[in-house]
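Look at TrEMBL and you will find 17-51 tagged as coiled coil. The region 'Disordered' annotation in TrEMBL covers 61-80, 91-132. Sequence annotations record features per position, and here TrEMBL assigns compositional bias 'Low complexity' to 113-132.
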Amino acid sequence: MQAIKEKITDMKVMNKVKSEAKAEEKAEKDIAKARMEIAHEARLAKEAEAKMELHVAKAGDKAEREIAKHSQRTVANVGRSEEEDVYYDGVYDDDHRGVGGPAPLYTPDMAQSTTSHSTLHTTAPPTHNNLI
């Protein structure tokens, strides 16, 4: 009977040790899982930060290009009047060399010459109009 009591006591102790080991192992697994999740989130944060820095750098480059573009126009136009501007097919040519297109479409001189040689008939309708 004494041997049976000792076996039962030993079994209780073993079960207790086993359950403690199981609980400790579970806690270690939870800690490892939490570390993995933290590492994953840290990686995502670093990637997002790198993307943000890339976007900021691109925005800075675009801003510098726009500032340079506008400052070149401002510097080129210092001391000039608007009559000196020449426009080609939608391209601004500030030095009148024809770099922007094949031939000027508009200059201030042309504006004066076209108004004096107007071919519009505003006094009478055209004669070939059969509806009037």
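Every residue, even glycine, has its Cβ placed from backbone N, Cα and C.
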Surrounding residues of the coiled coil (17-51) on its own chain - C-beta under 8 Å, 6+ positions past either end: none
For the coiled coil (17-51), mean pLDDT (0 to 100): 98
